[in-house]
Amino acid sequence: MGPGEALLAGLLVMVLAVALLSNALVLLCCAYSAELRTRASGVLLVNLSLGHLLLAALDMPFTLLGVMRGRTPSAPGACQVIGFLDTFLASNAALSVAALSADQWLAVGFPLRYAGRLRPRYAGLLLGCAWGQSLAFSGAALGCSWLGYSSAFASCSLRLPPEPERPRFAAFTATLHAVGFALPLAVLCLTSLQVHRVARSHCQRMDTVTMKALALLADLHPSVRQRCLIQQKRRRHRATRKIGIAIATFLICFAPYVMTRLAELVPFITVNAQWGILSKCLTYSKAAADPFTYSLLRRPFRQVLAGMVHRLLKRTPRPASTHDSSLDVAGMVHQLLKRTPRPASTHNGSVDTENDSCLQQTH
């Protein structure tokens, strides 16, 4: 094993460890919190994390073995089973990300309808479609004997068949990546743009309220005014940053492997082994990145983790603040005016409160 393979093996070990730990934490949080389990998004997150955990536990070790020793597993039929799991879990992960993006768009764009209609059983229907589609592609590859050890990627996955079957294999590969990569990417981009539009409109309303409050308080202390403006600026960039991270991780993790697989179909192109292994490692890194992108860095999961830690340490956790930055500004204004804030109207306030909660859950 040369220095390049040693570096790739170290990268794969790090991805494997992070993927196992982070996805196990997500599943532990969902098992601990009934609130997370009963949401439609919670069902989708459990499916995504479970698939990533299986990928890290059952697929990545054999790829690591292939990088270190450069050979297939010795057990007969083991490589075909691993290749089946690799194709199924990779396709299911991409489609699950698309389902999560659609769920976020419904939660932010239609909060009242979302709360009343999109229950876990509808999320189960989305997952059934994703599983059925993934099983169809992986089953077709297994039935056509297109699964085995690929030396270009040092893994058990799709491999080039003999020359007479190349046209069928090329059509299958193109269809697989069109459905398992291009379609989820299109759904992710379209729904993210809609979420960004709604979040931007929401922030503009909040900015209008903040600026009117600051205009009324001419004698406001400069430090308080500066804090209000900083919170206003953070609101503007928060949704853009999180949406950009979600799209960027999808492209960085999947695009190199997909492009390499499509380039492999061209007769005069030979895939470099180190580049093929690196593109495969980038695909595996999606299993390590998704728990942080969609779960562990978000407020509901942070609160559950804090509660679990406090329970292990036998401490009583402090009640988490449910106020966002806009409510902090309103609280400062009312405190300076020494007034008790009026209760919000049950007609208009319910929609804004629902939008606030949905934006906190999705961003």
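For all residues, glycine too, the Cβ spot is worked out from N, Cα and C.
Whatever TrEMBL says is automated annotation, not expert-curated.
Residues or ranges marked as compositional bias 'Polar residues' in TrEMBL: 343-363. Summarising the annotation, TrEMBL assigns domain 'G-protein coupled receptors family 1 profile' to 22-294. The feature region 'Disordered' is assigned by TrEMBL to 340-363. The transmembrane segment annotation in TrEMBL covers 6-32, 44-68, 88-110, 122-149, 169-190, 243-259.
The stretch in 44-68, 88-110, 122-149, 169-190 that contributes the largest number of Cβ pairs under 8 Å to the transmembrane segment (243-259) is 169-190. Residues of the same chain lying 6 or more positions beyond the ends of the transmembrane segment (44-68) and with a Cβ under 8 Å from any Cβ of it are 1, 5, 8-9, 12-13, 15-16, 19-20, 23-24, 26-27, 30, 36-37, 78-79, 82, 85-86, 89-90, 92-93, 96-97, 99-100, 103, 123, 126-127, 130, 149, 153-156, 277, 280, 284, 286-288, 290-291, 294-295.
Cβ atoms under 8 Å from those of the transmembrane segment (169-190) belong to residues 87, 90-91, 94-95, 97-98, 101-102, 133-134, 137, 140-141, 144, 146, 158, 160-161, 246-247, 250-251, 254-255, 258, 261-262, 265 of the same chain, restricted to positions at least 6 beyond its ends.
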